[in-house]
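Single-structure report; data block below.
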Amino acid sequence: MKTLLFAAVLTVLALPSQAKAPIGIVIHGGAGTISRDSMTPAQEQAYHAMLTHAVNQGYSVLERGGSSLDAVTAAVTILEDSPLFNAGKGAVYTFDETHELDASIMDGKSRNAGAVAGVTNVKNPILLARAVMEKSVHVMLAGKGAEQFAKEQQLELVDNSYFNTEFRYEALKRAKQAIAPLPHQAALPYDPAWKMGTVGAVAIDRKGNLAAATSTGGMTAKRYGRIGDAPVIGAGNFADNQCAVSATGHGEFFIRYQVASDICARAKYQRKSAAAAAKEVLAELKAVGGDGGVIVVDHKGQLSWTFNTEGMYRALKAEGGKAVSEIFAQGN
Ligand code: ASP
């Protein structure tokens, strides 16, 4: 079978050794079989507009001297509030026709992290993940306890029906028909129509600090309290101050192959660029059946993305450049 792998390094910067890296941010809104034929021009335009808005808002935090942590939080919150993406408002349906959301955030400077899994009534799970990181002594909270903590932190709570959308409900009906005979969750086909749109952001700020954030509704028709890679530090999200990664794709593979931390470890120990490491890891993942993509930033301010699917909603803004948003493998 033909293996598709699309990668791009958008800024390559040769800086004098003591010079500060430039600021920059990359975001994604999910990877999968996104073809031009399957989208109307109006839909394409709506995705580009929302990606551009989110990346610009994240960048403006950096431009004002804000932290990479605040920049990724701002960008992901915007994407969570849009019904276009499988996170926050646009979260997919579980088998039982409810919504269970996962998210995580990591601060590259301190390697502090916060994650939440299976939350049902928190409007912006990324804000809860951040509160876990900053206001609790824990890294990961799940289910009812996470929701209790959200209440104590006075985060905005919503009824689970807030996450209902017609097109995700249609996707659930199709998914249920297809999964009936499958023996276990890892065998689920990665059908983008079911769950496309996990969101994420990575950024580098004026002080050279990196951060990563990822948020998702998970996989359509998930059961039994299934938790994906998005809240698992090292799988769907990772940051130290050398390398930060946010992932999207078939979560079971991203957990088993520790995709986000593997990319950063290869960059560190094999002395290669994080962009090159990401390309390798995603090619290897494809070979074992794992579909998806990642966005990456490194300590030099190099912004990149790589995916082994037909498309990935994505955008970036590098210092001195304009926001660039793309959907398809060939660009645009
Ligand atoms: N990685 C997400 C999960 O498995 C889904 C996705 O990115 O589409 O929960």
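Cβ from N, Cα, C; glycine included.
Caution: TrEMBL annotation is automatic and unverified by curators.
The signal peptide annotation in TrEMBL covers 1-21. Feature annotation from TrEMBL assigns active site, nucleophile to T198. What TrEMBL lists as substrate binding site is R226, I227, G228, D229, T248, G249, H250, G251.
Features as recorded by TrEMBL, highlighted on the structure.
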{"residue": "T198", "record": "active site, nucleophile", "Cβ contacts under 8 Å, 6 or more apart": "H28, G29, G30, F85, N86, A87, T214, S215, T216, G217, A230, G236, T248, G249"}
{"residue": "I227", "record": "substrate binding site", "Cβ contacts under 8 Å, 6 or more apart": "D102, A117, G118, A142, G218"}
{"residue": "G228", "record": "substrate binding site", "Cβ contacts under 8 Å, 6 or more apart": "D102, T216, G218, M219, K222, G236, G251, E252, F254, I255"}
{"residue": "D229", "record": "substrate binding site", "Cβ contacts under 8 Å, 6 or more apart": "A235, G236, A247, G249, G251, E252, F254, I255, V259"}
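Fewest Cβ neighbours within 10 Å among the binding-site residues R226, T248, G249, H250: this applies to R226.
Of all Cβ atoms in the protein chains displayed, 32 besides its own lie within 10 Å of the Cβ of G251 (substrate binding site).
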